[in-house]
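To keep things clear, I will list the structure first and then write my remarks on it.
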Amino acid sequence: MKLKLKNVFLAYFLVSIAGLLYALVQLGQPCDRRPPLRGGAEQLRQKELRISQLQADLRRPPPAPAQPPEPEALPTIYVVTPPYARLVQKAELVRVAPTLSLVPRLHWLLVEDAEGPTPLVSGLLAASGLLFTHLAVVTPQAQRLRGGEPGWGRPRAVEQRNRELDWLRGGGGAVGGEKDPPPPGTRGVVYFADDDNTYSRELFEEMRWTRGVSVWPVGLVGGLRFQGPRVQDGRVVGFHTAWEPNRPFPVDMGGFAVALSLLLAKPSARFDATAPRGHLESSLLSRLVDPKDLEPRAANCTRVLVWHTRTGEPEMKQEAQLERQGRGSDPAVEV
Amino acid sequence: MGWRAAPAAPCLACPAHSRAFLPTAAAAQLTRSCGPSQPWRCRSGGTSSRLCSSCSPGRCWSPCGTRAPSRPCSPRARMTVVTPGARRPLARTPGSTACLTGTSWRCRPVQKAELTRLANTLLHVPNLHWLVVEDAPRRTPLTARLLRDTGLNYTHLHVETPRNYKLRGDARDPRIPRGTMQRNLALRWLREAFPRNSSQPGVVYFADDDNTYSLELFEEMRSTRRVSVWPVAFVGGLRYEAPRVNGAGKVVGWKTVFDPHRPFAIDMAGFAVNLRLILQRSQAYFKLRGVKGGYQESSLLRELVTLSDLEPKAANCTKILVWHTRTEKPVLVNEGKKGFTDPTVEI
């Protein structure tokens, strides 16, 4: 059979076209078609594994939150308050007691400026539910305010605070409550808290672990919104105060706490009744610590957790008028 | 939000700017009064979005309660905050009566201290709900934060006393009923939170932030059936004021020197009202206008009860369980004009 040339060319053309089309189809296809298929399956398997892990985590109970230490393991905070007789005395103690009651492991040391324990303070302490020690010592005549002297003319409650320090050091003399001083080795911190200041609960936890002397700002004192240490790199480098900034320790009585161990190690450290105005705190602290060793609290002394509030003297004009008429309020009603 | 002059109210001269305006009613929420001499916001033309409460040139500070107060507010400064209608169910022990204590706040340097020590007292009272009503155009962050951190069950409200009724001059001027709008808001909140015929047992007590309250007082008032009363120390120029109780245990008068003929010669801290009575007498509020000094309590109580219905507490009104103490205004002389302390430290 004779093969026509045109049929040969036609066949050649068709085969070439087919080959060209095949080549065009192959363009753009991934070279390694089989590995992505394997990778996709692997990814899917990995994701399924992760989902089952997460589901198992959800079914597992959450870890218990860190428990606060048992109260018995906490250092004791000894709060020294020197109340004195005045119209608002009971109100002030009634107002500060609930705050102290919120603080675990707290021992309230009250030392009255009186010959002996007064029924008002004794009754209040008994009803407070707090662990307390009740002492009483009269301010010596030389330390009392003279007639016409302003209230800030002399340092107040020096004798009372020193008596508390003596009790802590084993001196005895308690007239009510817990009479035995803390046994040797007791972990604790001592804080001097006047009854008219305002204390947050947080303040007491800040001071609890004091190793030497800790400090923090005090609000509404020294003619300022707040007064307190200046801290740099976690160390006290100065004090933020406008009144007598050159004092060795220009802090308020409510602005520091002292470790009990330090007080016991330095038995001669006491408040000095002859200290000039504003230097009472320094008279004690300068015998205990160097300013550079102070431990800043309250977020490096940037938070105010205690305020030097002062209660106004109640207006008694009508009472005086009635008393002149022999019709004063029933004195048997304790206010 | 734009500002315009309120035609019915006076505009104040402002040295640094051309005009000073009272805000529109809608914009009243944004204003505050801080500063001793320029209680109103100034504008220098156009809409001002800066809350400047001093009109003196070169001096401007943020109001109390904002993020960066640059000076303390004067005693006349007030803050009011309104909660978004939150109605919390009272947490109560089955069978016990809830105490609802209303406290009205105003901005001053001792605000946080007062709030802190009152909260520390209230924490000891079981089944208590604290209604705090600020005299301010909005809830202040300071108060909101404090309330949240106390752990108490509370509701935080605010309403600003209009300028006409704000304190002028002596803060102790008895002619001006401080806190009236705030207490009325608390009463309104209670009436909206509870249906008129609610069987929810509760007692309502108005507690100012600077008084001193014994824990025993709250237990005394818990058994109130209608209105209970007791003595208050350090009011009326006396050691204490007290209801006069006869041998039958009925209140027959008042032991007071200041205006003893008042229908109810008693201090705000000297009585509590049963919640049901508040709900039943839905029109009983403290009177805002035309109230003589010392008559604010009477303006409410006469709508609720008669003298013979009063229930004496505290051992037939012979024990002092609440003291009308006053916290002295702190002396901040060393802050100076520019402020000495870091204004970002909250006190």
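Note that the numbers count up from 1, one per residue, in the order the chain is shown.
Quick reminder: no glycine exception, Cβ is built from N, Cα and C everywhere.
Just so you know, TrEMBL annotations never went through curation; they're auto-generated.
As recorded in TrEMBL:
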type	residues	note
ACT_SITE	A:E281	active site, proton donor/acceptor
BINDING	A:P82, A:P83, A:Y84, A:D113, A:R156, A:R161, A:D194, A:D195, A:D196, A:H308, A:T309, A:R310	UDP-alpha-D-glucuronate binding site
BINDING	A:D196	Mn(2+) binding site
COMPBIAS	A:312-327	compositional bias 'Basic and acidic residues'
CARBOHYD	A:N300	N-linked glycosylation site
REGION	A:312-335	region 'Disordered'
SITE	A:Q318	site 'Interaction with galactose moiety of substrate glycoprotein'
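Annotated features taken from TrEMBL, shown on the structure.
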{"residue": "A:P82", "record": "UDP-alpha-D-glucuronate binding site", "DSSP (3 states)": "coil"}
{"residue": "A:R156", "record": "UDP-alpha-D-glucuronate binding site", "DSSP (3 states)": "coil"}
{"residue": "A:D194", "record": "UDP-alpha-D-glucuronate binding site", "DSSP (3 states)": "coil"}
{"residue": "A:E281", "record": "active site, proton donor/acceptor", "DSSP (3 states)": "helix"}
{"residue": "A:N300", "record": "N-linked glycosylation site", "DSSP (3 states)": "helix"}
{"residue": "A:T309", "record": "UDP-alpha-D-glucuronate binding site", "DSSP (3 states)": "coil"}
{"residue": "A:Q318", "record": "site 'Interaction with galactose moiety of substrate glycoprotein'", "DSSP (3 states)": "helix"}
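The two recorded residues A:Q318 (site 'Interaction with galactose moiety of substrate glycoprotein') and A:Y84 (UDP-alpha-D-glucuronate binding site) have their Cα atoms spaced 24 Å from each other.
A:Y84 (UDP-alpha-D-glucuronate binding site) sits 20 Å from the residue listed as 'active site, proton donor/acceptor', counting Cα to Cα. Of the residues the record lists as binding UDP-alpha-D-glucuronate, namely A:P82, A:P83, A:Y84, A:D113, A:R156, A:R161, A:D194, A:D195, A:D196, A:H308, A:T309, A:R310, the two whose Cα atoms sit farthest apart are 21 Å from each other.
Comparing the residue listed as 'active site, proton donor/acceptor' with A:D196 (UDP-alpha-D-glucuronate binding site), their Cα atoms are 18 Å apart once rounded.
Spacing of A:D196 (UDP-alpha-D-glucuronate binding site) relative to A:N300 (N-linked glycosylation site) is 25 Å (Cα to Cα, whole number). In this entry, A:T309, A:Q318 stand out among the recorded positions A:Y84, A:D196, A:E281, A:N300, A:T309, A:Q318 as having a C-beta under 8 A from a C-beta of chain B. In sequence order, A:T81, A:P82, A:A157, A:M253, A:G254 make up the list of same-chain residues 6 or more apart from A:D194 (UDP-alpha-D-glucuronate binding site) whose Cβ falls under 8 Å from its Cβ. Neighbours of A:P82 (UDP-alpha-D-glucuronate binding site), defined as other CB atoms within 10 A of its CB across all chains, total 25. A:D196 (UDP-alpha-D-glucuronate binding site): 21 other CB atoms within 10 A of its CB, across all protein chains.
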